[in-house]
Amino acid sequence: MGGVSFDGRSPPPSYPGKLTPYVLLTVLAGAAGGLIFGYDLGISGGVTSMAPFLEKFFPDVYERQQSITSTNQYCKFNSPTLQLFTSSLYLAALFASLAAGEVTKKFGRRISMMMAGFIFLFGAALNAGAVHLSMLILGRILLGIGIGFANQSVPLYLSEMSPYNYRGRFNICFQLMITIGILCANLINFGTAKISGGWGWRLSLGLVGVPAVIILIASFFLSDTPNSMVQRGREIEAKALLKRIRGVDDVDAEFNDMLAAKNEADLVESPWRNLFGTKCYRPQVAMSILIPFFQQFTGINVI
């Protein structure tokens with residue numbers, strides 16, 4: 001629920017309000033969510049190249065690595081279990097995102113973020129303390145589930161909490177933190193690979209718990225969004241919260257638009273049928289599917 005509805009011929013709405021410290025705290029939570037996603041994407045590549053990690057969990061790959069003397073560096077990783085370790089995160093995130101959408105809608109963005117934080121912590125703990133392959137893969141699956149929930153709730157939370165003229169910037173910050181997380185993962189792997197004793201991979205896998213703690217603490221102390229409260233019939237609380245996060249008392253225009261958007265959404269009986277069955281929506285639906293599909297289909301994350 002976006003909270004704003006206007007036709008293409010009308011000027012964009014202009015709501016009173018300012019950037020409050022409360023909203024800046026939501027940016028911190030969003031940054032942590034993006035950082036976790038990027039870190040998890042980048043960390044596995046470096047960890048799976050560490051000899052102590054391979055020797056413990058994938059001895060066949062380790063032996064192959066020691067025996068290969070050619071310049072071809074790809075055949076040594078031909079291992080279904082190693083592929084399962086890497087891909088389990090993406091598969092778990094895919095299926096978790098389907099359930100996360102319903103949780104975020106029915107129980108609010110904050111609850112979904114809180115669940116993501118808890119799941120991230122459990123996954124990081126399992127990976128860092130893994131003593132056999134099943135613990136390692138289970139931890140990776142939990143991280144994927146956490147990503148599914150965080151990717152559903154965090155960008156939505158940022159959009160709904162921020163003033164209308166800051167929404168684009170805040171969501172770009174989420175994307176920026178994903179790339180920073182990938183960079184941090186590579187730098188950390190570079191350092192932990194040099195730790196004597198062969199336990200550096202545990203540190204690499206366990207450090208995902210740091211941003212997880214940030215998003216978990218934020219979800220405890222921050223409130224849900226006014227849009228989510230309106231969506232669940234808590235209009236009085238939503239209006240009081242909107243005054244608090246905007247720093248002004250005159251929030252009638254924005255609040256009335258939220259109510260109008262909710263009422264209009266409630267009148268739609270078959271949203272999926274309307275979305276895919278109405279011709280005027282087809283170009284937007286096609287582009288919204290094809291752009292992210294090809295962004296991932298290039299395989300850039302694997303590289």
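Keep in mind that glycine also has a Cβ here, set from the backbone N, Cα and C atoms.
TrEMBL: automatically predicted annotations, no manual curation.
Under the heading domain 'Major facilitator superfamily (MFS) profile', TrEMBL lists 26-303.
Positions annotated as transmembrane segment by TrEMBL: 19-39 (among others).
Per TrEMBL, the feature transmembrane segment maps to 82-101 (among others).
The feature transmembrane segment is assigned by TrEMBL to 113-131 (among others). For the transmembrane segment (113-131), the residues of the chain that approach it from at least six positions outside its boundaries are 29, 33, 36, 57, 103, 138-143, 145-147, 149-150, 153-154, 157, 202-203, 205-209, 211-213, 215-220, judged by C-beta separation under 8 angstroms.
A Cβ distance under 8 Å defines the sequence-distant neighbours of the transmembrane segment (137-158), meaning residues of its chain 6+ beyond its ends; these are 26-27, 29-30, 33-34, 36-37, 40, 44, 84-85, 88-101, 103-104, 109-110, 112-113, 115-117, 119-120, 122-127, 130, 167, 170-171, 173-174, 205, 208, 212, 215, 225. Residues annotated as transmembrane segment in TrEMBL: 137-158 (among others).
Per TrEMBL, transmembrane segment is recorded for 170-188 (among others).
The transmembrane segment annotation in TrEMBL covers 200-222 (among others).
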Which range wins on Cβ pairs under 8 Å with the transmembrane segment (19-39): 82-101, 170-188, 200-222? 170-188
When the pLDDT values for the domain 'Major facilitator superfamily (MFS) profile' (26-303) are averaged, what is the result? 87
